[in-house]
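Below is one structure; the comments refer to it alone.
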Amino acid sequence: MSAVMTPAGFTDYKVADITLAAWGRRELIIAESEMPALMGLRRKYAGQQPLKGAKILGCIHMTIQTGVLIETLVALGAEVRWSSCNIFSTQDQAAAAIAAAGIPVFAWKGETEEEYEWCIEQTILKDGQPWDANMVLDDGGDLTEILHKKYPQMLERIHGITEETTTGVHRLLDMLKNGTLKVPAINVNDSVTKSKNDNKYGCRHSLNDAIKRGTDHLLSGKQALVIGYGDVGKGSSQSLRQEGMIVKVAEVDPICAMQACMDGFEVVSPYKNGINDGTEASIDAALLGKIDLIVTTTGNVNVCDANMLKALKKRAVVCNIGHFDNEIDTAFMRKNWAWEEVKPQVHKIHRTGKDGFDAYNDDYLILLAEGRLVNLGNATGHPSRIMDGSFANQVLAQIHLFEQKYADLPAAEKAKRLSVEVLPKKLDEEVALEMVKGFGGVVTQLTPKQAEYIGVSVEGPFKPDTYRY
């Protein structure tokens, strides 16, 4: 094994095992070859150093792909301090490789809730005092919330927040509506090169991988219920169909439900006539009694509630690929049923009571990743080529906000600029072009006459903001 040396005297990190750094570095090198957009931005902007002076607080899954993102930010001039946004999602070899490179990181797989919050605090603090950060890169909104609640004085120096996922965007929009958001944010999640790649195509790849790794089950011929048919639900449904499962979809949005029908999925409800009145009587027990696998994909709370869990088929697999663990009512399961760990991130939930269980009892559910992100808890998440688009968006969003220097503006101007916006389409197209080049593709250029005819520039952007890809 080739050695990776941590800079002498560098102790500003906490990872599971620093000796995993060489392994992590080897995987980082491979990931770089699979992330053409991110590496293209690194080459394109390295000479300009657009992030020189940027001090970025980062809270996103500490994976190999995130390691490439971190080192790209550093290559463009930034200083960063990093933690993971999920207690199970860290790849310990990735965290070790970043620490060995002299970059502050606080993350390991299997953190407790208390350790998770401690890790975020360690990114905020340097030598026991709030770091003079001026940018935030978040996934899910926990870092953003802690800064607003516990360190509001730091927000006076912060130019902006870039948010990775649906849940975090919802939290930002709520804060903006309630008047509690203090700095502008870019909604990276709804960039086309994020939402279509990460949310749809990424889940198509990684969901069935995680379920198979966690359970060793054959999926073909079995029945699955996917809760939600947004981009994550679409990719998840395709992922299970690829395995030969009989996939049904539950949706609250008629448009998404229509899309599911058009894509060949049966749209059903776990509730009789679609109405949840909070009672067991409202559950469609005949439907749930046939379901072998249930997957939540919504970013909403209790979409797989206690009454549904009671009615599910014996030995059904239950998992979530939304951001937080509250999509499934795991609190009810902890309070009322016995948990038996089969292996890390795989539990048998015995529905025979809270105290004790018979190991040979067959009235149980198999819960993956304790209801947290299954693809990162039970597998390694999306492949590098998928995360390439998401993280290239993050880099461009960080540059975009850092150049605007919100914290330096007069108060009156700040009030006008306070918003949650999607990354400009021209930047979205820049990411897409680099990704196409990475596949060896060639994009056709409009002639001036063609561009004039449809009312766009030869260089783009090519679609209005209202266009639905």
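Glycine is no exception: its Cβ is also placed from the backbone N, Cα and C atoms.
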Next on the checklist: Of the candidates E111, E113, E164, which one does Swiss-Prot list alongside T63, D139, K194, D198 as binding substrate?
Outcome noted: E164
Item to check | Cα within 10 Å of H323 (NAD(+) binding site) - qualifying binding-site residues among T63, D139, D198 | outcome: D139
Item to check | Among K194, H323, which are binding-site residues, the residue with the most C-beta atoms within 10 angstroms of its C-beta | outcome: K194
Checklist entry - Can you list, in sequence order, the residues of the same chain other than T63, D139, E164, K194, D198 whose CB lies within 8 Å of the CB centroid of the substrate site? => result I60, H61, T165, V188, N189, M387, S390, F391, Q394
Checklist entry - Who sits close to E251 (NAD(+) binding site): which same-chain residues at least 6 apart have their Cβ under 8 Å from its Cβ? => result G228, Y229, G233, A257, A260, V267
Item to check | Position of peak Cβ density within 10 Å, selected from the binding-site residues T63, T165, T167 | outcome: T165
Next on the checklist: Of T165, T167, G230, V232, I321, which is closest to K194 (substrate binding site) if I measure between C-alpha atoms? They're all binding-site residues.
Outcome noted: T165
